[in-house]
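Taking it in order: structure first as C-alpha cells, then the write-up.
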C-alpha cells in the first residue's frame with residue numbers, strides 16, 4: 001500500500017474525478033441532446049436519472065475501489081468468479097483510450113492551426129477547396145447565395161485535415177500532421193502520469209479547472225453577440241409534451257450513465273488511491289453534480305455562439321446546430337470566424353477541448369496501468385510502474401495510427417458508437433448484481449460502514465438493490481430498441497464494418513462468461529455456488545491496520561469476537577466437554593474420564 005501510493009490530498013482526487021467525468025461529451029453531446037429532446041423540459045428526466053441512477057452508481061464504484069484499494073481487476077476478490085467484469089472494463093478503457101486520444105490530437109492540430117492572423121477555414125480560395133465551396137466572410141457577412149453551400153470550415157475539415165477517403169476500407173495514406181499531433185498527445189499524457197497519481201494529481205489543478213475559465217470567457221463573449229438570446233431559447237425552451245416520450249427518458253438515462261464514466265473502471269481505479277476512511281459518499285455527490293452542472297453550463301456557451309451564427313447567416317438555429325465532431329470541428333469553428341480577433345477565440349476553444357480530453361485520458365491510461373501493476377504485484381513492477389505506463393502509452397499510440405489515415409474518421413466513429421455502448425450497460429448491471437446479491441448487500445453495507453463510520457443512507461441502499469439495476473436494464477432495452485446502423489453524413493457503413501463494431505462491443509462482455517468458465521475448469525472439488533459466492537481470503541482493506549472484525553488475522557489486535565459459526569460451536573463443545581470431565585473427576589476422586597456430550 002505504501003509503495004502503491006495515495007493522492008497527495010483529497011482535492012487532487014476530486015479534481016481528477018471531475019476531469020475524468022467532465023469530458024468532450026459534456027460540450028459536444030449534451031447541449032444538442034437537450035435541444036433535441038424538449039429543451040428545458042429535458043432537464044426534468046435528466047436530473048431524475050442523476051438522482052436515482054447516476055449518483056448511486058458513482059457512489060457504489062467509489063466505495064468499491066476505496067474499500068479494497070485495488071484497481072478494476074483486484075477488486076474482484078469480492079467474488080473471483082466475476083473477475084471477467086474487471087477484464088471487460090479494461091477492454092472498454094482500451095478502446096476508448098485509443099480513439100479518445102485521436103480526438104485530442106485533432107484538437108491539438110486545430111489549436112496549432114489557430115496560431116495565425118487569419119483562420120485557415122475562413123475563406124474558400126484555398127488549394128483544398130472545391131467549386132461548391134461558398135461562404136467567404138466579408139464585412140457584411142457570408143455570401144450565402146447557394147441553397148446548398150459547402151462551408152469553408154467543412155471543406156477544411158474534410159479535404160485538408162482528414163483528406164477523407166470515400167470508404168472505410170480505403171485507408172489511403174497516413175496523415176502525417178495528425179500522426180505527429182497524436183505522438184504529442186501521447187507524450188503529454190505519459191509525462192503527466194510518469195509518477196502515477198503523484199504527478200497527475202498535481203497536473204489536474206490546471207487541467208480540471210482551466211476549462212471552466214475558458215467556458216466562462218466564451219460564455220461572456222457569446223451572450224454579448226447579436227442573436228445569442230435566440231440560440232439560448234432554442235436550447236432551453238421547454239417542450240413539455242416530449243416528457244411523455246420514452247425516447248427522452250432513455251436519452252436522459254444514457255447521457256447520465258455515459259457522461260459519468262460508469263463501468264469504465266476509472267472510478268474504481270481513482271478511488272483505490274484514496275485513504276481508507278475518506279468520505280467517498282460526499283465526493284460522489286460533489287463530482288456527479290459538478291459534471292451535470294458543467295453540461296448545462298456548456299450548453300449556454302455553445303448555443304449563444306450558434307445563435308449568433310444563425311443570425312449572421314439568416315438561417316434557423318436548427319440548421320447550424322450539430323453534435324460530436326461536427327460541432328467541435330465544423331460548426332463551432334465556422335462560428336468563430338465571424339468574431340473579431342477570431343484566432344484568439346479559436347485558440348481558447350480548442351485549448352479547452354484539449355484539457356477536457358486529457359482529464360479523461362489520464363484516468364483511462366491510469367486504469368490500465370493500475371490493473372496491470374496490481375494484478376502482477378511483484379516488487380519489480382511496482383517499483384518500475386513508469387516503465388509499464390510508457391509501454392501502455394506506446395501500444396496505445398501504435399493502435400491509434402490507423403485512425404490517422406484517410407479512413408480514420410470512419411473507424412473513430414465506429415469505435416465511438418460500438419466499443420463503449422450497450423457493453424457498458426451490461427457490465428454495470430452485472431457489477432450491481434454481483435455486489436448486492438452474490439456477495440450480499442448486508443455484508444457490503446457493513447463494509448461501507450466500517451470504512452466511512454456510518455452505513456450507506458437508506459436511499460442508496462434501495463437504489464443499489466432495486467432502482468439503479470432497473471434503470472440500467474431500461475437503458476439497455478432502450479439502446480437495443482433505438483438501434484440504427486451508424487452513418488457519417490451521407491456515407492452508409494457497409495455490413496462488414498458493422499459486424500466489426502458488434503465484435504468490439506461483444507469483446508468486453510464476453511470476458512465475463514469466458515473467465516467464469518475458466519474459474520470453473522480450474523476448481524477442484526468445489527461447486528459452482530461456492531465459486532460464485534465466496535469472497536477470496538484477500539478481500540478486504542489493503543492495510544492490516546484497517547482489517548478489523550472478521551477481516552482481522554487470528555490473534556491480531558484488530559480481531560474482535562466475530563468468528564464463523566463452526567468455530568464458535570466447537571469452542572462451546574470443548575468447554576462443555578471440560579465441564580463434564582471436571583465433574584466426573586470430582587465424583588471419582590483423582591480419576592479423570594473423557595466424556596463426550598450427547599447431541
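One-based numbering along the chain as shown.
Just so it is clear, glycine is given a Cβ too, placed from its N, Cα and C backbone atoms.
According to TrEMBL, the Na(+) binding site annotation covers 19, 21, 22, 26, 259, 291, 356.
Taken from TrEMBL, the feature compositional bias 'Basic and acidic residues' applies to 569-580.
Per TrEMBL, compositional bias 'Polar residues' is recorded for 582-599.
Listed in sequence order, 124, 149, 150, 151, 152, 155 are the same-chain residues six or more apart from residue 133 (disulfide bond) with CB atoms under 8 A from its CB. The disulfide bond feature in TrEMBL is assigned to 124-133.
Among the features that TrEMBL reports, region 'Disordered' is placed at 569-599.
Summarising the annotation, TrEMBL assigns transmembrane segment to 12-31 (among others).
Sequence annotations record features per position, and here TrEMBL assigns transmembrane segment to 43-64 (among others).
Annotation comment: TrEMBL describes 85-112 (among others) as transmembrane segment.
The transmembrane segment annotation in TrEMBL covers 176-197 (among others).
The transmembrane segment feature in TrEMBL is assigned to 209-236 (among others). Outside the transmembrane segment (209-236) by six or more residues, the chain places 15, 22, 31, 34-35, 39-40, 294, 297-312, 317-318, 321, 339, 345, 348-349, 351-352, 355-356, 359 with a CB less than 8 A from a CB of the stretch.
Cβ atoms under 8 Å from those of the transmembrane segment (256-273) belong to residues 4-7, 13, 16-17, 20-21, 23, 25-26, 29-30, 46, 49-50, 53-54, 57-58, 61-66, 68-72, 74-75, 86, 89-90, 92-93, 96, 197, 280, 288, 291-292, 295, 360, 363-364, 366-367, 370-371, 420, 424-425, 427-428, 431, 472, 475 of the same chain, restricted to positions at least 6 beyond its ends. As annotated by TrEMBL, transmembrane segment applies to 256-273 (among others).
Same-chain residues lying 6 or more positions outside the transmembrane segment (285-310) and placing a CB less than 8 Å from one of its CB atoms are 14, 17-18, 21-22, 26-27, 30-31, 34-35, 43, 46-47, 50, 54-55, 58-59, 212, 215, 218-219, 222-223, 225-236, 255-256, 259-260, 316-317, 319-321, 327, 331-332, 334-336, 338. Per TrEMBL, the feature transmembrane segment maps to 285-310 (among others).
Residues or ranges marked as transmembrane segment by TrEMBL: 344-365 (among others).
Residues or ranges marked as transmembrane segment by TrEMBL: 386-412 (among others).
Feature annotation from TrEMBL assigns transmembrane segment to 418-439 (among others).
Annotation comment: TrEMBL describes 459-483 (among others) as transmembrane segment.
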Exercise. Hey, which bits of the same chain come close to the transmembrane segment (344-365), Cβ under 8 Å, at least six residues off its ends?
Worked result: 16, 18-20, 22-24, 26-27, 93, 96-97, 100-101, 103-104, 107-108, 110-111, 114-115, 119, 185, 188-190, 192-193, 200, 203-204, 206-208, 210-211, 214-215, 217-218, 221, 261, 264, 266, 269-270, 328, 332-333, 336, 389, 392-393, 396
Seminar exercise, completed: Given the Na(+) site 19, 21, 22, 26, 259, 291, 356, its other Cβ neighbours within 8 Å of the Cβ centroid, in chain order, are 18, 20, 23, 25, 261, 294, 295, 359, 360
Exercise. Does the transmembrane segment (459-483) come near the transmembrane segment (176-197), with 3+ Cβ pairs under 8 Å (pairs 6 or more apart)?
Worked result: no
Exercise. If we call contact 3 or more Cβ pairs under 8 Å (sequence gap 6 or more), are the transmembrane segment (386-412) and the transmembrane segment (43-64) touching?
Worked result: no
Exercise. What same-chain residues, at least 6 away in sequence, bring their CB to under 8 Å of the CB of residue 291 (Na(+) binding site)?
Worked result: 18, 21, 22, 26, 259, 260
Problem set entry | Cβ neighbour count within 10 Å of residue 259 (Na(+) binding site) | 23
Exercise. How many other Cβ atoms are found within 10 Å of the Cβ atom of residue 21 (Na(+) binding site), counting all protein chains shown?
Worked result: 26
